[in-house]
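A short worksheet on the structure shown next.
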């Protein structure tokens, strides 16, 4: 039941909306009253219907009209079979019996003469009032312009059918399924714009659908379209589909009170959520309802509903979304907010009517006097944008009704007010016998006779004059004393018609105006010379062409022209005269390749005016004429105030030219005075601007941004593939700017003010402006010029016309700066473009993938990528996306995704399998979202070599052998010490480090005391690129093992350094592990170690070696110490997994391990800071457990933070850490994430002994 009520409610709502628009068919006969009110009225006549138009202007006219006249489309109404004038002044109209598409010619004629715009004039004693317009249309219904289309929709999806047709009145759209009206269900949504939406599609919805349009004229059926329902998930196109807006809202303009539907249908898998917001952030009005699930319905649109509405569709459980925006513009018909008031004025006084109107867009105002449009003249002025009407020197002819009519695109409104002219008794009559006699081209003598009645009461006269022709003429007046009846008027324009009249004044008031006197001022010599154009059709001729002078410069009728010419450097000048109706002359029998000077002057009946400036031209040479084009013919230039319009005709043999070159320059004051600068025949002088290259088909070009009243020279040459041709030259002045002190004609409108551009989307920009703050003309529309910023190609500039004060410009490129300029247009005149406003469109997803993707294998597990940015990024690239897989048939979400920053253009992908084919594709992402991926590219990784395939067991064997050799070496050293009992221990050495205790030592060759020793055990932490250094030389590639009193430990720093030392039995328990330590710097002998103990560089097994050495030492330490070996035995093992990673200790020395002579007490320095390892782990834990600085100076011990054993994640390389930017390329290198060290492998502690 609720569903049925919803369907009926929509039909009732549609009926009410049509009633509000005045588009419902009328009953059999209806009366429509026409008055001075809002309009126009729209009357639609259906079949067999009639209407009576009643001219009800009695209230306005202060009584019933004495006479009513009707007009149709501005002409007098003629009666016919379907139109009759009734005795009461009303008009009866009926619709013809035949339809519009009938074959009866008579019916078609009656149909055409019936439709039109009807208005009436009501005549009364006070004046005439014009009614509003009634537009009469006959009901029609056109064929469908859009038929529904068949479609396949999955279950629970959304189906949408659409049809379009036009008719009067607007047809009601219904839908049928299998030729039966669709049931009234909430799932079936019928929109007024001819759309049927079927939500949650079911199997029962399958069938044939058609659209039915019905109005008072007829009923029409559309073509049928089938709906096929498929199983959910069976359509591959919709499986996992991203969110897409299937039906987006459209920009809509409606009149206030009409309904509007903002439709939005989205599709995705799963079904998306749809929401609406206003772009300006304001809340959506509460009277806006949701029709169906995703559509907005505004039943009665008001100006407050205007704005941009954004539909957003979100895919559930994802961040994918799509948006669509549309502007709703609600127009408001004009309404008179301040009507003019009735006035009563005495003769010769001033009347002022004020009218104000509101509406959207802002209405334009014009005035009627007794039903006739009022044209401003000298006495009647329209001010304030049409809102004020001022009438001076009121006469009886000015009495009547004045109507203020406001008009915009939504309708009209009017208000009327009468003007009564009061004539007092005893006023003088009008002056008589007014005459105007021309004295010269600029002066007229006006005379009159005194009035016949009450002449003795006259205290003075007023003389009024204005131009007799043209519109918007300014009226001038002079006050004249009573003692004279004539006046000489000066400063008139030559060859111009003027109208004069006189008014007499007494103490009681003014008389009527006298009869006008017309006069034509005398001719004068022309105030300027025609502007010349010179060209040579052959070597011995010069064609001279000019344009006729305008009437403002000719000062009369031009009767003749005089052309003077001669060689450039000779005094002899020839002249010839031609009639005034000629505009060109050919000078014959001239010398080839010579410079001639030419000038022209125009003559009227008063004589010749000033001649033009000398203009020089070189005739072509007689040789090599086959390749040199002649000058263009008939070069004409029409001068404007700030531009020159250049037009021409092709030269002889136009097929031989490739185009034209146009030059122009401003002639300086000195040049203008002497005019002796030779122009040259083929471009041998410098020009301010040019050349502008034009195609051969172009025959007109306008030079803009010129200075008014300046002398310019223009040169046009034709060129071909060989060279430039001969020039056609013109010299003349632009029009002068109007002088503010003199009476001027109304100038062009000013550019709009407050031009503002606002980005609307990635492809559209809103441009808004306001009417000029001051203008003397009525602005009818505007032109918007726009193009990409900094554009030099004029063919890419676009122009739009707008009647309002804003426009939405679409079809733009994303993330592109555009420049805009707006121009105002008056009636028959165009204003200049205003200042340029710049604005960029919003960014969007990239339209193209990264370009020039190149792949190259580096190692069996590494591939390097190089690419270039997308050709159409549509914004700033913030991230590049790399997808790769060894199986290109896998779904895209199963590929490995790597990301890198937007300013990097190369990368390395690690962790790949050797000798495997990988497929790569790349995409780019802006802040809006990702763009498309590139096409697939494949690469095969390298095969593993022998060194690459060396297994861990072989490496382990090598390391075990090295360790065993090291243990044997130490055992031999201990045995040798026991057999050397005859040697005496050095005083001052003991296990406790106190002087006087005996000690044993091996002979060792002391190294340079000034070079520090560096002994490191590298961890698996990858060296940072900035810590890289080249491998040491052979001399530096050695380590030393010193005697019992080991040398100092170097101050090598780095997070990857590890150090190990051990002593005889009773060695300490190893305590903890450290990321690295900074040990005291010292000097002294270094322990030596043979190179055989060093593992191969780059084996990557340092951590395993560390564990093996540690286990061997630990097992040796379990033996019970011998009393004979109580002295400290110390050695350091140096193992580098990569010598190139050692940066702090580049000067390592490797010395042979052979017996040396024992050191004496005198040669061996006393120890300082030597540690007895027999004290066990307690001492070591006490000294190193905190890893905090305990001393200062040379014996400090500083540990770096224990960070190597902690896990590390590189968030900037998520979701995979297998990528490293290649150093040395455009990518900036990044430090790789250090690998985690297993806690099950112990780390060797560090012992320190220093000999100061």
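Placed from the backbone N, Cα and C atoms, the Cβ positions cover glycine too.
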Record feature N-linked glycosylation site (Swiss-Prot), assigned residue among 88, 793: 88
From 669-688, 689-708, 709-728, the residue range that Swiss-Prot assigns the feature region 'Disordered': 669-688
Residue from 251, 781 to which Swiss-Prot assigns N-linked glycosylation site: 251
Listed range which Swiss-Prot flags as transmembrane segment, given the options 915-935, 936-956, 957-977: 957-977
Integer mean pLDDT for the domain 'Ig-like 1' (27-136): 79
The domain 'Fibronectin type-III 5' (849-944), counted residue by residue under DSSP: helix, strand, coil: 3 helix, 50 strand, 43 coil
Residue 251 (N-linked glycosylation site) CB neighbourhood, other CB atoms within 10 A: 12
Best-contacting stretch, by C-beta pairs under 8 Å, relative to the domain 'Fibronectin type-III 3' (631-742) and drawn from 241-329, 334-420, 526-622, 751-844: 526-622
Alpha-carbon distance [residue 251 (N-linked glycosylation site); residue 88 (N-linked glycosylation site)] in Å: 47
Proximity verdict for the domain 'Ig-like 4' (334-420) and the domain 'Ig-like 1' (27-136), three or more C-beta pairs under 8 Å: yes
Neighbour count (Cβ, 10 Å) for residue 88 (N-linked glycosylation site): 10
